Structure formats: structure tokens, C-alpha cells
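So that you can see what the record holds, here are the features copied from Swiss-Prot:
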BINDING   Gly14, Arg75, Phe76, Gly105, Asn106, Gly107, Ser108  ATP binding site
BINDING   Arg24, Ala25, Val26, Val27, Arg28, Arg158, Gly189, Ala190, Glu191, Lys215, Lys216, Ser217, Ala218  ADP binding site
BINDING   Asn106  Mg(2+) binding site
BINDING   Thr129, Ile130, Asp131, Arg166, Met173, Gly174, Arg175, Glu225, Arg248, His254, Thr255, Gln256, Arg257  substrate binding site
ACT_SITE  Asp131  active site, proton acceptor
Amino acid sequence: MTEIKKLIVLTSGGDAPGMNAAIRAVVRTALHYQFEVYGATAGFAGLVNGQVVPLNSRAVANCIQRGGTILKTGRFENFRFKAVRDKAREFLKKLQIDAMIVLGGNGSFAGASKLYQEGGPQMIGIPCTIDNDIQGTDYCIGFDTACNTALQAIDKIRDTAFSHERNFLIEVMGRSSGFIAVNVGIAGGAEIIALPEFHVDIDTLTQKIKKQHGKKSASIIVAAEANQPGHSFEVAKQIKEKTGIEYRVCVLGHTQRGGTPTVKDRVLASLMGAQAIEALKKGLTEKMIAYQNGKIAVAPLPDPDNGTRYFADEALLRVNNIICAM
């Protein structure tokens with residue numbers, strides 16, 4: 001087991017509220033154990049381009065309440081090429097980096113894992129995505145904040161929907177999973193929740209709309225983006241053509257990725273960040289800090305080819321149908 005003296009932390013992929021709380025915990029826990037800590041800016045691109053900054057306790061002060069990431073982030077597609085990873089590995093070797101902590105999702109973990117297998121430093125992943133769709137953990141940093149941001153928007157839209165007696169189709173993020181949609185749909189009292197995991201064809205959807213039409217002065221559909229951002233405009237168009245009922249479309253978009261992290265995201269991010277350092281001290285590598293059954297745990301990395309988690313509790317949709325049908 002290699003003794004860790006120098007550590008690097010980076011954020012990769014899409015940003016998520018709570019990342020800064022995790023960075024802060026990583027840095028200060030590492031400093032507690034006398035590690036020398038660095039941060040790579042703009043994700044894996046920072047390792048290739050030599051964009052690295054030393055991090056001390058003051059560098060992460062006053063960031064726990066901030067959304068986004070102080071280290072910047074991004075997707076770096078070229079990291080899939082070995083020649084590019086070799087350049088990153090040589091740079092880390094030159095800096096004498098012993099371990100790396102990656103905040104991100106499946107693709108980010110896979111990149112760091114390959115780097116380790118090719119002679120790079122020990123690595124631990126911390127799951128950060130508002131989509132909450134990483135296999136092996138019940139919770140990902142950023143999800144709670146994103147849900148609260150979306151819910152605030154839905155509550156405001158419902159105010160105007162009621163005032164004008166209008167119907168709205170609200171599209172939320174989530175990529176190919178429906179965790180955001182089902183949570184904010186139930187919390188926002190949506191009459192219909194549309195998820196990619198339980199696909200409903202347009203004819204079934206319009207029949208449901210016609211059955212509900214007239215019972216209320218306004219109606220809200222919450223739909224997951226289902227890997228097709230903006231698809232709700234076409235859905236609303238088909239609803240109008242088949243039923244004559246108009247639905248105004250509101251795509252919440254990237255507003256869900258920003259904002260001050262909630263208590264839940266700050267606390268879990270802090271605990272996960274600290275646990276990542278403890279895992280490295282035990283000599284662990286190619287692991288993820290997960291939230292399982294209400295506890296912080298160390299788990300295997302998700303399968304890079306099959307690491308997406310999907311919403312599966314159809315009973316929640318049935319409950320919402322009963323509550324919102326009246």
C-alpha cells in the first residue's frame with residue numbers, strides 16, 4: 001500500500017449543487033492527515049493542460065453555500081484516448097500525486113479508473129449529478145437541491161395556471177431517468193407524471209387528459225426530458241391536435257443545476273468528502289463513496305457500460321394518480 005502524501009481533487013461532467021461542500025470536506029480532511037492537496041481545474045482537461053492549483057484551508061473557505069464548483073468542470077471527450085490519458089498520467093507522475101478524488105458520474109469514474117489501471121494514482125469517486133441516476137448509490141449530490149429548485153418553479157407556474165385557468169406541461173431534467181420528475185411531480189401536485197421508465201404512448205396520454213379535462217380549472221403535467229431536451233413542445237402539439245386541449249410548455253432546463261445547495265446536499269456532500277479520504281487511507285482504490293440504506297458506505301464503481309440507475313417504484317405513480325384525480 002502506497003503511503004499518500006499528495007492528493008489531487010477534480011470535478012468532472014455536469015455541475016451539481018453540493019460539489020463545493022464535498023471539495024471543502026476533501027481538502028480539510030486531507031489536510032488534517034497532513035496530505036498536500038491540489039485541485040485540477042476544468043475536470044480531466046486540467047490534468048492534460050497542466051491547470052492545477054494548490055489547495056489549503058483558506059482556498060475552500062466560504063464555499064459550502066455556493067452552487068456550481070470552485071474548480072470549474074466540463075466534459076472532456078478526448079480523455080477516452082489512451083494517448084491523452086498518458087499525458088495526464090505523466091503530468092501527475094511529475095507532480096508526485098499519489099491519489100485522486102473525482103466528483104462526477106459514471107463517465108468520470110470510468111476515466112479515472114482507466115487512468116489508475118494504466119499506472120495512474122489511487123482513485124475514489126464521489127457521485128455528483130442532479131439526475132440521481134448512478135448505480136450503486138441511493139443518492140447523488142445535487143439531487144435534493146435540483147428538486148427544490150424545480151418545485152419552486154412549479155409552484156409559481158401553478159399560481160398563474162390557476163389564475164388563468166390554463167394547462168401547463170413542465171419539462172424537468174434527468175437524462176434517461178425520471179427521479180426528478182416523479183419527486184417534483186408528487187410534491188407539486190401534478191395531475192400527470194410522465195417518465196421514460198414507464199413510457200405512455202400519445203394515445204393513452206390523450207385519453208387520460210380527456211378523462212380528467214373539466215374536473216379542474218387548471219392541469220399540470222410534469223415530464224422528464226427522457227434524453228430529448230425540449231421534446232415536450234412536440235408532445236403538447238400532439239395533445240392539441242388529438243384533443244383540442246392546449247398545454248403551455250415550460251422547460252425548466254439548466255436552472256435546476258444551479259443555486260444554493262440544500263441542507264441535505266451540504267451534509268451528505270461533507271460526509272462523503274470526508275469518507276473519501278478515509279477510504280484512501282485504508283488503501284482502497286477504484287471505489288465510490290455511496291449512500292446506501294441511510295448510511296455513507298464504500299461501494300464498487302458502477303459498471304461503465306451499465307451504470308445508470310432508473311426509477312422503478314411504479315406504486316408511487318399509482319398513489320399520485322389517486323391523489324390528483326379528484
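Start at 1 and count along the chain as shown; that gives each residue its number.
Cβ from N, Cα, C; glycine included.
Features per Swiss-Prot, on structure.
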| residue | record | Cβ neighbours (10 Å) |
| --- | --- | --- |
| Val26 | ADP binding site | 30 |
| Arg28 | ADP binding site | 19 |
| Phe76 | ATP binding site | 22 |
| Asn106 | ATP binding site | 25 |
| Gly107 | ATP binding site | 18 |
| Ser108 | ATP binding site | 27 |
| Met173 | substrate binding site | 24 |
| Gly189 | ADP binding site | 14 |
| Lys216 | ADP binding site | 16 |
| Arg248 | substrate binding site | 14 |
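Note: the CA-CA distance between Asp131 (substrate binding site) and Gly14 (ATP binding site) rounds to 10 Å. The Cβ neighbour count for Gly14 (ATP binding site), using a 10 Å radius and every protein chain shown, is 20.
Cβ packing within 10 Å was compared across the binding-site residues Arg24, Arg75, Arg175, Arg257, and the lowest neighbour count falls to Arg75. A distance of 36 Å separates the Cα atom of Arg248 (substrate binding site) from that of Phe76 (ATP binding site). Each residue contributes its Cα atom, and for Arg257 (substrate binding site) and Arg28 (ADP binding site) these two points are 25 Å apart. You'll find the Cα of Asn106 (ATP binding site) roughly 26 Å from the Cα of Arg28 (ADP binding site). Close to the recorded ATP site, the chain also has Ser12, Gly13, Gly43, Gly104, Gly111: residues not among Gly14, Arg75, Phe76, Gly105, Asn106, Gly107, Ser108 whose Cβ is within 8 Å of the site's Cβ mean position.
Classification of Arg248 (substrate binding site) by DSSP places it within a strand. Looking only at Cα atoms, Arg75 (ATP binding site) sits nearest to Val26 among the binding-site residues Val26, Arg28, Gly189, Glu191, Lys216. Comparing the binding-site residues Asp131, Glu191 on other C-beta atoms within 10 angstroms of each C-beta gives the minimum for Glu191.
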